[in-house]
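Trainee: Sharing the features that Swiss-Prot gives for it:
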type     : residues                                                               : note
TRANSIT  : 1-42                                                                   : transit peptide
REGION   : 257-564                                                                : region 'FAD-dependent oxidoreductase'
BINDING  : G261, G262, G263, T264, A265, R295, K300, V358, R410, D564, H580, H581 : FAD binding site
REGION   : 644-681                                                                : region 'Disordered'
COMPBIAS : 656-676                                                                : compositional bias 'Low complexity'
Amino acid sequence: MSIWGVRCLTQRFIRQAYILANRRLLGPVPQRSPPAYAPLRPAHSSLYQMVKKRTLEARTKLQANKYPNHQVCVTKPSTTPPVEEYETAVEGAGVPAYANAQFQAHSQSEPLFKVGFADVKSVCSAKDVLKSDSAKLSTSQPVLDSCKATSPCEEFKRKRKETTCQPCDEDGTAPGGGDGGDEECECRMKDLRLKCLLGALAALLAGGFLAWFMTRDTDDSEAKKAEAEEEERKRRLVAGLATSPPSSEDLPKHVPYLIIGGGTAAFSAFRAIKSNDATAKVLMISNEFRKPYMRPPLSKELWYTPNPNEDPIKDYRFKQWTGSERSLFFEPDEFFIDPEDLDDNANGGIAVAQGFSVKKVDAQKRIVTLNDGYEISYDECLIATGCAPKNLPMLRDAPPSVLEKVMVYRTPDDFDRLRKLAAEKRSITIVGNGFIGSELACSLAHYSRENNGGKVYQVFQENANMSKVLPNYLSRWTTAKMEAQGVCVIPNASIRSAVRDETNLKLELNNGMTLMSDVVVVCVGCTPNTDLAGPSRLEVDRSLGGFVVNAELEARRNLYVAGDASCFFDPLLGRRRVEHHDHSVVSGRLAGENMTGAKKPYQHQSMFWSDLGPEIGYEGIGLVDSSLPTVGVFALPSESATRVDQLSESSDSDVPETSTSSSQSSKSDAGASQDGVTCDPDEAGNYGKGVIFYLKNDKIVGILLWNLFNRIGLARTIINQNKKYDDLNEVAKLFEIHA
């Protein structure tokens with residue numbers, strides 16, 4: 001509950017207590033009769049007297065039975081006889097005639113009896129009342145005299161004073177005009193008021209104390225929160241993760257070119273913009289705290305870079321397969337301009353706002369709104385937000401003690417953490433059999449083998465590695481090769497539960513196995529970052545995800561989308577969304593050209609590549625899906641054959657023995673069960689070099705080059721022809737798999 005809610009509740013309670021304390025509990029309010037009544041007839045008067053008498057008798061008996069030892073103040077109604085009897089009584093008593101006339105005049109102007117009012121009141125005990133009522137009306141005066149002689153009401157008042165209670169009213173009636181009774185005394189009303197006032201005072205004090213206590217806690221929490229934010233800012237500043245600039249107020253209010261995102265597609269778009277507009281001023285808004293960098297080396301080349309001292313790799317430099325060395329970042333920090341100086345730079349350039357996020361894009365007004373509400377207008381805008389790694393629901397909702405041992409793999413910070421754990425010889429479990437999961441498992445196995453590290457496990461639900469990309473037979477062969485490299489592959493399994501002990505995680509699998517691991521790395525794909533779609537009113541594809549764009553990669557006028565977050569239309573393969581490095585480069589470049597006025601359609605068939613250790617490397621293009629029918633043609637290598645470099649083609653390969661095999665698989669074949677995967681190369685097929693064709697309606701829609709490099713251009717040409725081939729072996733010869 002908030003502080004304002006507590007205060008409102010306290011005020012309401014005090015108000016109700018005050019109303020209750022000042023309210024008087026009154027008896028039935030006497031209803032006055034009209035000022036004039038018709039004279040009562042004798043029959044009516046006699047009947048009324050009889051009913052009144054019996055009512056009083058029953059009430060007195062009830063009071064006597066309920067409180068037999070109490071003396072009460074009793075209100076006794078007048079026993080005035082009817083008119084005839086009154087005249088007789090007057091004559092017998094010797095009352096003058098003028099008094100009778102005066103009484104008759106009075107009876108005509110006012111009613112003889114008023115409900116709730118008493119003309120004659122006496123204070124007697126319950127027994128006296130019974131005796132007086134049983135007597136005749138003519139003897140009522142002696143009874144009253146006897147009651148007055150005994151004066152029990154005076155005794156009752158004296159006892160009430162002795163017990164510190166307030167006496168009855170002066171006329172002997174009970175409080176509120178009732179029939180009397182100790183429980184209805186005015187003293188009880190005063191006690192009730194006093195208790196209500198004390199309760200209200202106590203509630204006021206308690207509410208004030210509660211408000212003070214909660215306000216104090218809020219102040220302390222706000223102070224602690226501010227202190228934590230300051231410590232986090234200092235930590236990020238030391239680690240190089242501080243926002244740049246420190247405040248969004250330092251960002252320009254208007255830029256010609258605005259890019260949302262700081263990945264490969266964003267930087268590729270900047271290069272295209274700068275190539276077509278030499279003085280272009282580009283502002284890049286990134287939610288990361290680093291300059292733009294490439295992601296593929298995080299799961300491949302960086303793990304094969306020698307680092308004897310296990311120090312953090314400077315600039316994340318790595319060796320390519322060609323032997324040259326380069327950095328993970330596209331450009332050094334000196335290449336970029338400070339956002340504060342972007343408007344003053346005549347030659348233009350690119351400025352990166354690090355650590356900021358965009359929550360809304362108004363395509364009609366050409367204004368973007370940051371999370372803190374700061375607005376920036378633009379002329380041309382590109383959304384290149386990429387995608388975010390998925391996590392297993394069971395691990396995502398786990399207790400904090402378990403989450404400390406669970407991580408995803410996406411950024412250089414994840415690489416640093418995992419490399420440190422591997423250097424400490426910790427056991428690592430990788431969940432997933434896709435590109436990142438399989439590549440990372442092979443890289444960790446190589447690192448562990450070179451440094452005498454811990455065990456590397458790979459757990460996934462499918463039958464074998466890369467089962468969604470490779471045909472079933474090739475997927476099983478790849479799994480065998482990975483196990484030969486030192487990866488403990490556990491297919492057809494998933495994590496049922498994860499429990500933290502003192503140091504490790506105890507993983508219970510659905511196949512009955514139990515693993516003890518120091519860390520779990522989740523690599524189960526990613527989802528496009530489309531949080532902007534709702535506030536910005538942009539369309540998102542329901543089945544594929546990503547922002548829906550046209551052929552020019554335009555979501556709205558002057559608003560483009562590129563990279564993993566774009567869902568584009570392929571004239572040959574239909575609507576697609578691709579999560580590969582080459583697609584990010586090409587789509588970003590095309591979007592940048594269109595932002596400068598080119599207006600070119602996206603017709604490029606992007607490619608991808610992967611490396612699974614020193615013996616397996618492949619490239620693919622088009623629609624590479626294991627659920628499609630496939631035809632594979634392979635050449636068996638010699639014993640002395642070595643791995644071909646990814647970036648250069650070997651034309652001197654000596655292949656004394658070649659064998660061409662054609663294999664066609666269907667969707668059901670790709671899902672065939674594999675109970676056990678052997679790691680013995682003698683028992684598994686040996687697939688050296690080859691090409692795999694993926695067919696749809698007897699047309700080639702995808703090509704996978706197995707240990708063949710620098711032939712992607714030819715594969716792209718074959719796919720773009722969009723034709724049927726009678727003999728795919730003849731098509732395979734174009735790739736020179738035996739060269």
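For all residues, glycine too, the Cβ spot is worked out from N, Cα and C.
Because the structure is a prediction, the values reported are computed rather than measured.
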Trainee: Looking only at DSSP and grouping its letters into three states, which state does A265 (FAD binding site) belong to?
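Mentor: Looking at the DSSP assignment, A265 (FAD binding site) belongs to a helix.
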Trainee: List every residue in the same chain as H580 (FAD binding site), at least 6 positions away in sequence, whose Cβ is under 8 Å from its Cβ.
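Mentor: Expected: S606, M607, F608.
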Trainee: For the FAD binding site, please report the maximum Cα-Cα distance among G261, G262, G263, T264, A265, R295, K300, V358, R410, D564, H580, H581 in Å.
Mentor: 32
Trainee: Can you check which residues sit near G263 (FAD binding site), meaning Cβ under 8 Å from its Cβ, same chain, 6 or more apart in sequence, and list them in order?
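Mentor: For G263 (FAD binding site), the qualifying residues are P292, R295, A384, G386, G563, S584.
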Trainee: Give me the count of other Cβ atoms within 10 A of the Cβ belonging to G261 (FAD binding site).
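Mentor: The answer is 28 other Cβ atoms.
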Trainee: Cβ atoms within 10 Å, counted per site: which of K300, R410 has the most, among these binding-site residues?
Mentor: K300
Trainee: What is the total of other Cβ atoms whose distance to the Cβ of A265 (FAD binding site) is within 10 Å?
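Mentor: There are 32 of them.
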Trainee: Based on DSSP, name the secondary structure state of K300 (FAD binding site): helix, strand or coil.
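Mentor: Coil, per DSSP.
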